[in-house]
Amino acid sequence: MQAARIAPSLGRQLLRFGGGSSRPTALLGQPWPGPARRPYAGGAAQLALDKSDSHLSDALNKAKPAKAESKSFAVAMFKGQLTTDQVFPYPSVLNQEQTEFLKELVEPVSRFFEEVNDPAKNDTLEMVEETTLQGLKELGAFGLQVPSELGGVGLCNTQYARLVEIVGMHDLAVGITLGAHQSIGFKGILLFGTKAQKEKYLPKLASGETLAAFCLTEPSSGSDAASIRTSAVPSPCGKYYTLNGSKLWISNGGLADIFTVFAKTPVTDPATGAVKEKITAFVVERGFGGVTHGPPEKKMGIKASNTAEVLFDGVRVPSENVLGEVGSGFKVAMHILNNGRFGMAAALAGTMRGIITKAVDYATNRIQFGEKIHNFGLIQEKLARMVMLQYVTESMAYMVSANMDQGSTDFQIEAAISKIFGSEAAWKVTDECIQIMGGMGFMKEPGVERVLRDLRIFRIFEGTNDILRLFVALQGCMDKGKELSGLGSALKNPFGNAGLLLGEAGKQLRRRAGLGSGLSLSGIVHPELSRSGELAVQALEQFATVVEAKLIKHKKGIVNEQFLLQRLADGAIDLYAMVVVLSRASRSLSEGHHTAQHEKMLCDTWCIEAAARIREGMAALQSDPRQHELYRNFKSISKALVERGGVVTNNPLGF
């Protein structure tokens, strides 16, 4: 199991957490993004909008040379901008051939997990049965995204998400075995491997003949990548590296033959000649010799997956097995993790779908007080909230996968949000299922307690949710901070930057005055969702106002304001969730899906509550004295606990 790692300066490294992105930095003086398509706007309205956008774009184009701007909604929302390119309309990326191929896979994969795989038995044995592994190999499940010419199934991200959702619905431990293998284990070879590396390793990995593992965590390094101690020293001849060290809690660690390993290597600065230690990624074969593993770890959940310590003792790794460039290992690791997070959201959407089915089945058959319990308001609210969480998670997963399939390189914040939201939503949904089932839910036979145990790890590995919240907030604030810096420079030459100042500065002044910035989703969301669209825009403006105020106040020091950053991240998560469900429900309404009105209710209900949370959360952040008192109390209480070694207060009885 892997947690995302952060280097010594927490704030600085968090801003690199989206590593590997080729997204151009957002700069001031860029042209206004192309006019948003408003499928529900009348012709005259769209013409007026286009004309308005055109005038502003001309003004900005005259101000400074045009440069590409991020199309990420999440990046833009921190700046108070409504960038809809990647979120409206809800993306449909599969062509007819891809859709038909996927349909041919869904049925046999579903049937396999219903008829062959036994999750309860896997859990008891604490291993995946050999018949299951063999069946998965025959289905091609070990190489879903490996190109067909290299022996894989060749799926795009959206197709992969659909199959992962099936796995997550039935057995998370099997999902970890498959995910540790292909989502992170050999993903580096797919993303950064040379032609020779791909041809050498991917065919056997895709067939399942060999398994892969991702080796980053060490005993002394959890969320701090720079503290890894595993080293790789180049030989005098330059033909190989000698690898020494150990990696902890590695999924597939006791089964894998191929490892993506991260180690410190000496790197010489060509300009100064100074030698620094930097992280480098390697493809390591067990067959190189010197690679061993410890016994399987005893765990709370995902017991059927193999988790073990992996040790490297004088392993000679050929220089051609460097993955990416020497010294670029942090970038490689972060890119791998960023690239796979949508898959976790898809899997957990499947988990929730299965759990909700169990909850509904119980609620429709259990009779208490002479009534089936689904008729009681408390149960109805639980079921409604459970399915809202599933709908949001699923909407996020397929939004991000589609963005990736469309060629976006700027999805890091969205992917992190989907992982945070999905892992927390799945826990809540499963916990509520147990509550609905009462004592029966606590029993082993229904299998819900196993799912709850399996789920707990998802908030920890591939980036703990705490670290990812800091990343979401800091990455968003970084882009906004650059914009504020650019506005400051523009003010020094107001005549040369008139278009810019009239555009962005005007919006900011109106927002600060509570007048709104003129943003609207009118004509973009379906007319039946117009009120929810208005709530989303209001929430965005409230959120952006606070982001700007806190950046102006703290400047670079914001990296140390973790109490604040956590709350900004929560607002960002709610805001992104509002937009993805608005988009998905709009598509269902416009295409006349039979579930459209149900989706409208899910969307409206989510938006009402999310808007209220954002409004209350941002209002609290704006009342500085009270917030500062809270933060001081948190620090003081925590300090007292640490000094005491536990609870400070005595028992009320005094002994």
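Any Cβ shown, glycine's included, is placed from N, Cα and C.
Keep in mind that this is a model prediction, so the values were computed, not measured.
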Which of these ranges is annotated region 'Membrane-anchoring' in Swiss-Prot: 7-40, 483-516, 619-652? 483-516
Give the sequence-ordered list of residues that share a chain with K239 (N6-acetyllysine), lie 6 or more positions from it, and have CB atoms under 8 Å from its CB. P318, S319
Least buried by Cβ count (within 10 Å) of the binding-site residues E462, D466: D466
Spacing of the two Cα atoms, D466 (FAD binding site) and K482 (N6-succinyllysine), in whole angstrom, works out to 25
One of the recorded positions K195, T217, S220, K372, K482 has its Cα closest to the Cα of G463 (substrate binding site), namely T217
Indicate the candidate from K195, K276 with the smallest number of other Cβ atoms within 10 Å of its Cβ, considering only these modified residues. K195
Closest of the binding-site residues to K71 (N6-acetyllysine), Cα to Cα, picking from F214, T217, S251, F461, E462? E462
Nonlocal neighbours by CB distance (under 8 Å) for K550 (N6-acetyllysine), same chain, sequence gap 6 or more: C477, I558, E561, L564, L568, L621
